[in-house]
Amino acid sequence: MSTSPAPRIAVIGAGPGGLTCARVLQRHGIDVTVYDRDASADARNQGGTLDLHADSGQIALQEAGLLDDFHALARPEGQAKRILTRHGEVLVDYRPGTHEDAAPEVDRGQLRTLLADSLTPGTIQWGRTLTSAAANPDGTHRLTFDTGITADVDLVIGADGAWSRVRPLVSDAMPVYTGVTFVEAHFDNVDTAHPAVAELVGDGHVFATGDHKGLIAQRNSDQHVRAYIAITDDVDWYRAAGIDLDDTTAVRATLLRAFAGWDEQLLTLITDNDGPYVNRPLFVIPAPHTWPHTPGVTLLGDAAHLMSPFGGNGANFAMLDGCELALAIARHDTLDEAVTAYERTMLPRAAEAGDGAAALARNFGPGDRDPASIPDFAEAGEQYKRGAAAYRNR
Ligand SMILES: Cc1cc2nc3c(=O)[nH]c(=O)nc-3n(C[C@H](O)[C@H](O)[C@H](O)COP(=O)(O)OP(=O)(O)OC[C@H]3O[C@@H](n4cnc5c(N)ncnc54)[C@H](O)[C@@H]3O)c2cc1C
């Protein structure tokens, strides 16, 4: 891409996808501005742990020049997975090898800091919420932020997640509730303060599902455990239950009624948490989500293909999208050729992966989980590595 005159490129959203895109652009000498509504990189809790796959997230980090830094932060032991029945019977206890690098875990907050700190100072304009984006008659786009500030750009990249304000420029699609809500619970200083939870979760994850519900927990860094208490119910289930989400005692009592008869140690994920619960209804954009190519605008990550967390592809794909879009911009003569080439690869990949709604239905169906439905985790790791080799040899 000719950088004279420098194209004005705006990325909306400093999540894993937007930051990866900006980093790879800068590594190729291309100017970019990132806008995010957060006041700073650590303005809010960034969420749990992410496993970055060898064939997607790690490829993006390599192009970003950050793969070694990632491995220095990441927890290979976090790939451990225990699958239990709701009665506490262990179906699978997978422990990865000490140097297994198929999909090491990293806290989202650590990943965001790694990516944000790698950018030229001043690249990210924090505290800027995009309120609207509109096409100008000359083919550029005008971005308007909540502060009243506007910017005219040659390319706007919507990396602003599930409820993207950029998406309406290309598509009418909106997120749809999956019928599954995760109620999040937190455990600090878990090894000493919550030994039963620490034992249950081990180094990685524990999953117990059955009877349309699930208890899932993951070890984050710094002795923190995050649990997802999964229920299949209406999006406003708490209203029907007549409770206030801020009333921790009432939420706990309601959840305990729903999980009556479950194993006592599993129930510590509902009874022993620190602080309030956080309600997280899961949404997807029904796949395939495509749009007519629109000069001057494109989407990546959740803005383009919001998936359920089952499959673990969301952040991985967002980063690969960001990386590939940046490389396309570096390698093509015009922004429009670059975006066309990027969308030609990204849209079919996302369509093939699907929205993950069926996986949710499988995991939170009636009765006990069918052991035959449990993935072979060692083989999944080998697949990521084979996928990485195939990607590099394309
Ligand atoms: C419970 C749960 C568990 C998950 N676990 C995994 C996992 O293990 N592995 C995995 O790969 N994925 C996982 N995901 C999915 C993953 O979190 C997302 O796919 C990923 O964060 C998408 O990255 P993104 O950069 O596209 O968007 P986001 O991470 O959503 O980032 C969007 C950014 O845009 C900013 N923004 C939003 N609106 C505006 C606006 N109007 N103006 C300015 N800025 C704005 C936000 O502040 C945010 O920083 C999980 C999701 C959930 C809900």
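Cβ coordinates come from backbone N, Cα and C, glycine included.
Keep in mind the model is a prediction, meaning the values are calculated, not measured.
Per TrEMBL, these features apply:
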- R44: NADPH binding site (BINDING)
- D51, R108, D302: FAD binding site (BINDING)
- 9-217: domain 'FAD-binding' (DOMAIN)
- 297-352: domain 'FAD-binding' (DOMAIN)
For the residue listed as 'NADPH binding site', the three-state class that DSSP assigns: coil
Extent of the FAD binding site in Å [max Cα distance among D51, R108, D302]: 17
Inter-residue Cα distance where the pair is R44 (NADPH binding site) and D51 (FAD binding site), in Å: 21
Binding-site residues: R44, R108 - member with fewest neighbouring CB atoms within 10 Å: R44
Of R44, R108, D302, binding-site residues neighbouring ligand 1, Cβ under 6 A: D302
Least surrounded among the binding-site residues, given as D51, D302, when other CB atoms within 10 Å are counted: D51
Assigned conformation of D51 (FAD binding site) - DSSP reduced to three states: strand
Confidence summary (mean pLDDT) of the domain 'FAD-binding' (297-352): 97
Spatial separation of R44 (NADPH binding site) from R108 (FAD binding site) - C-alpha basis, Å: 11
Length of the line joining the Cα atoms of D302 (FAD binding site) and the residue listed as 'NADPH binding site', in Å: 19
